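I have placed the structure first, in the form of structure tokens, so that the comments after it can refer back to it.
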């Protein structure tokens, strides 16, 4: 292949290249650009908020407008900037380079993930153009307000579901890439710390995102068809919504933080000219955060009336998680201590982070104490705290990463003076914006108030100071945009390694070529700093044979599939459910998946090197299944809580056990048939393989038909909008039915690939992933039979 080939010049050629690319670097650039655009947009929203609060009794915004802008500010900053920039933006661009790989494990899935992410942003913002306007319920969309509001909540909920699907695919892809595509000789303990941070954040997100998905799905079901778990009128519990929501939304603070801690550590090591202090301890601290991060969510709920023991337990774990977080902070400080500091722009952001994050950490430990939390709950003290952690923590980390990798991403240097001016404006503006808010919290100002009276002591003066600080931040944002524009327009060309970095991305050109590396990488990795080690040992890097370089083909179908799925969610949000348009777009989405599955990923057969010996599809699906298990687990846990508390009482007339046993026979039998079909494929017996796969599909169709008939009968003989047990049955069993459809469609794709000859002895197409997913569907069904039909 011609490894120097470039897309044709011209606007349409460039646009087509972006729509069809599967190159991890281009996708990383698109993620990064979109995320920082979201940051700028959220910044504009914040200026509108602070303008409204600058003086008492201001009429710049109405209460409804203020609530809408506040909701979009929080959602845009958290979901579309902080998570995405550090994890999917820099991660997509840098992680394969750091691992010495040509691309991610699943390139087309990666492209689909980006376009779905972009669709989620558009979906959230387009609510402005529909009756009711943008959502005004806050980014937390607390029940019951979110169930009753007539604003654009449906669009917001649909956007969260689409974004969640994108995130899960992206996270599974990262973990599969890290496990499978490391350079030969690079063990897990020789990976750069940023790769470890992406791994930790991805694992945590895969496990915890189920909480947000469950909360979002259940509120959307109540809004669209009246199926409620949280409505007290039918025995539901509104606090259960908070349990679901915060089970994700506090762990996601660490998803927002971990990648940036990795970035800051990389920057500190490079500009201190010394190895990372306590590398192994930092890795263990990251994994400790992953474990403890799932045990702290309920500190957001100290004031909802839970038991004293409940509050003490979560207060303990909230304080405990400060230990691994503090370890990572001291690792960064220890790396800088005694180093030959090169005071470049990225390092300024590291130093600013250390001071501000320490302040945020101290106030976080304060809030873990239940008496103080009672005092400060929903006050501006909390607002200042989480901006300390996220704005001056993750936000500063994002700019450290942007300035650090900007020369590698763009091939251009930037004006150091402008970069430093940007930093100082942000630091001063941040401190002036949020330090007064701690005082406002002490003085009792609640968050989310759109105005206040002039006679409340201290409020007018402190709010004015905070608003002045916000405008200084805005000025810093303008300097940042100008710095980037000037660099792209006339910045000096960047050398391959402008900072003297030690990790593998600095071995590539600036910007990297399509195939990433021109040289054959050595198989010895003495430490996480291979460039330093190889230079010290005098290792000679030999050119790679172009015949050994294989890149995936571009494809239109990931973009098409994401676009049709986006259109499906628009139809769900904008129209009553069900409606004809949602079925039309769902059919178009299925068509895109068929075309995707039948398209060749590579121009000719390629033998992939994987560290684990498992295929990329196997590894990606294994980790995606973690998220699916989490989703069913949290819904089933919620159902068991309602059932054991006596709120969800089964009706006298329930679905028949004999039908469930018949379906169990069909589904369990299909697990055996798909297993033996896969076994036949491995032995090269293609006719028995195709027959076994066809039998599996038929059994799945029979299961779905029996289940549909049962649903139809029970639907017409039950008060499903008034009985909590029935609502839980339709939710969980219906969700399982959706998974049967998804799994069955995956098997159909594999069967079509088999008929086309795409599945061979060495290329199993989508079969491996589809069969694994099918076994999950079967296992979940056995649990469902036990808790709904037998019990």
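Quick reminder: no glycine exception, Cβ is built from N, Cα and C everywhere.
From a predicted model like this one, the values you see are computed outputs, not experimental measurements.
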*Which is it, of 423-443, 486-506, 507-527, that Swiss-Prot names as transmembrane segment?*
423-443
*asked:* According to Swiss-Prot, transmembrane segment applies to one of these ranges: 729-749, 750-770. Which one is it?
replied: 729-749
_Closest of 73, 385, 387 to residue 299 (Cu cation binding site), Cα positions, binding-site residues only_ = 385
_Neighbourhood of residue 250 (Cu cation binding site) by C-beta distance under 8 A, where only residues 6 or more apart in the same chain count_ = 293, 296, 297, 299, 300
*Which of 29-49, 201-221, 464-484, 566-586, 691-711 shares the most C-beta pairs under 8 angstroms with the transmembrane segment (111-131)?*
566-586
*Where does residue 250 (Cu cation binding site) sit by DSSP, helix, strand or coil?*
coil
*Could you pull the average pLDDT for the region 'COX1' (1-473)?*
94
_Secondary structure of residue 73 (Fe(II)-heme a binding site) (DSSP, helix/strand/coil)_ = helix
*Sort out the residues at least 6 away from either end of the transmembrane segment (381-401), same chain, that have Cβ-Cβ distances under 8 Å to it, and list them.*
36, 39, 77-78, 81-82, 85-86, 90, 253, 256-257, 259-261, 263-264, 267, 346-347, 349-350, 352-353, 356-357, 359-361, 363-364, 367, 422-423, 426, 430, 433-435, 437-438, 440-442, 447, 480
*residue 300 (Cu cation binding site) has how many other Cβ neighbours within 10 Å of its own Cβ?*
21
*Would you mind reading off the Cα separation of residue 73 (Fe(II)-heme a binding site) from residue 385 (heme a3 binding site), to the nearest angstrom?*
17
